[in-house]
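Data first, discussion second: the structure below is written as C-alpha cells.
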Amino acid sequence: MKAKLFFPFLTLLAALAINACGGSSQEQGQSGEPELGQTGNPTIDGLTQAIAADQTDPGLYVQRGDVFYENRGYDEAIRDYTKAIQLDTTQPVYYHKLADAYLDYFKSRQAVEILKRAAERFPEDIPTLLKLSEYHLILTQYEESMKAIDRVLKIDPQNAEAYFMFGMNFEERQDTVRAINSYQKAVELDANIIDGWINLGQLYAGLGDPLALRYFDNATRIAPNDITALHAKADYLTATNDLEGAVELYRKIITIDPQYDEAYFNSGLLYLDMDSVAKAEQQFDLTVKTSPTHIRAYYFRGLSREMQGKAADAKADYEQALRMAPDYEQAQQRLDGLKEAG
C-alpha cells in the first residue's frame, strides 16, 4: 500500500489534537436499526429498503454507512458501522471504517478507542496495527504510536509501512537523522511508497542538500501522474529558483486535473516573479473560475491588472477580496491607493 494514506493527515494534527480530549463521550452508536425515512438519495434509500427486508446482513449496513460517510453524514455512518460490527465481529475493516467516521467527525479519542479494541481482537492484523499507530501519531501520542509499530515488526520484520510510520514519528519529533534513516529503509523495502520519497526530498531540502532533487525525481518517475509528488517537486524547484521548471510541472498537473486550482494560482505567482504580468493575470483568472472562493486569487488578479494599468478591473478584484475577507489588509491598501490616485 502506498504511503498516501498517511500524507494528508498532518494538516489535521492541530485541529484533531484539540478535540482529542474534548467533546462528549459518545458510545459506538445506537443498537437496533434506527427508523430512516426517504432521504432523496437514491442509493441510501435503496439500501434502506434492502435493510428493511433483511436486517441481518452487515454488508448492507456497511454499504449505507459508506454513502453516509462520503456525504459527511457522520452520525448515520457511525450508527451503520456500529450495527455492522454487532452483526459480524470478525471483520477488521468494519472497525477501521468506524474509526475513520469518528476521526472525521472530530471525535479522535473515540476513534483511537475503536482501533485499540480492534487491535485487541485482531492482534496480528497488520493494517489494524498500522492504522492504530497512525491515529496515535495524529494525537501526538508518540510512544503509543511507536509501540504499535513494534508490534507490526514482530509480525513482519520487513514491513515497509512500519518503517515509514517510524519516519513520520521521528519527523514529528524533530529527529531528522532517524526520520531520514527510517524513510530510506521504507523505500528500500517498497519503492512504491511515494510519500517516503517525497518526505526524504523535503527533509534534505530543509537541510539545504541538493540531494533532495534526486528524491523528488524518484517520486515523479515512479508515479508520474501523482499530483502530490509533482506539487512537492514544483515547490522544491520554486525554492531553488528554477521557476520555469516549476511552471512546467504545474502545467502537467493541470493536464491531469484541470480542477486543481493551486496549480493555476502558483503558476500565476511564478509568472509575477518572472515579470510576465499578463500571463500571471491569466492564471489568476483561471484560478477564480476554478475556485470562486479563492480570496488570494482575486487579490493577485487585481494586482496583476493594476500593474497593467487596468485600474477599474483591479478595483473590482480588491473589492471582491474584501467582501470575502474584510480584514484583508493588503487588498484594502491597494484599493485605497487606487482611490487616492483617482
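Each Cβ is built from the backbone N, Cα and C atoms, and glycine gets one as well.
TrEMBL entries are annotated by machine, without manual review.
Positions annotated as compositional bias 'Low complexity' by TrEMBL: 24-38.
What TrEMBL lists as region 'Disordered' is 24-44.
Helix, strand and coil residue tallies for the repeat 'TPR' (58-91), in that order: 27 helix, 0 strand, 7 coil [DSSP]. TrEMBL lists 58-91 (among others) with the feature repeat 'TPR'.
The repeat 'TPR' feature in TrEMBL is assigned to 126-159 (among others).
Mapped onto DSSP classes, the repeat 'TPR' (160-193) shows 27 helix, 0 strand, 7 coil. For 160-193 (among others), the entry in TrEMBL reads repeat 'TPR'.
Taken through DSSP, the repeat 'TPR' (227-260) splits into 27 helix, 0 strand, 7 coil. The repeat 'TPR' feature in TrEMBL is assigned to 227-260 (among others).
As annotated by TrEMBL, repeat 'TPR' applies to 261-294 (among others). Within the same chain, residues 231, 234, 238, 243-244, 246-247, 250-251, 253-254, 300-301, 303-305, 307-308, 324 sit at least 6 positions outside the repeat 'TPR' (261-294) and bring their C-beta atoms closer than 8 Å to a C-beta of that stretch.
Look at TrEMBL and you will find 295-328 (among others) tagged as repeat 'TPR'. Per DSSP, the secondary structure of the repeat 'TPR' (295-328) breaks down as 27 helix, 0 strand, 7 coil.
Among the features that TrEMBL reports, signal peptide is placed at 1-20.
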Check: Between 0 and 100, where does the mean pLDDT of the repeat 'TPR' (295-328) sit?
Finding: 98
Checklist line | Within the repeat 'TPR' (261-294), residues counted as helix, strand or coil by DSSP | finding: 27 helix, 0 strand, 7 coil
Checklist line | Positions whose Cβ lies under 8 angstroms from the repeat 'TPR' (160-193), at least six residues beyond its ends | finding: 1-3, 6, 10, 130, 133-134, 137, 140, 142, 145-146, 149, 152-153, 199-200, 203-204, 206-207, 218, 222-223
Notebook entry, point to check: Helix, strand, coil residue numbers for the repeat 'TPR' (126-159) per DSSP?
Noted result: 27 helix, 0 strand, 7 coil
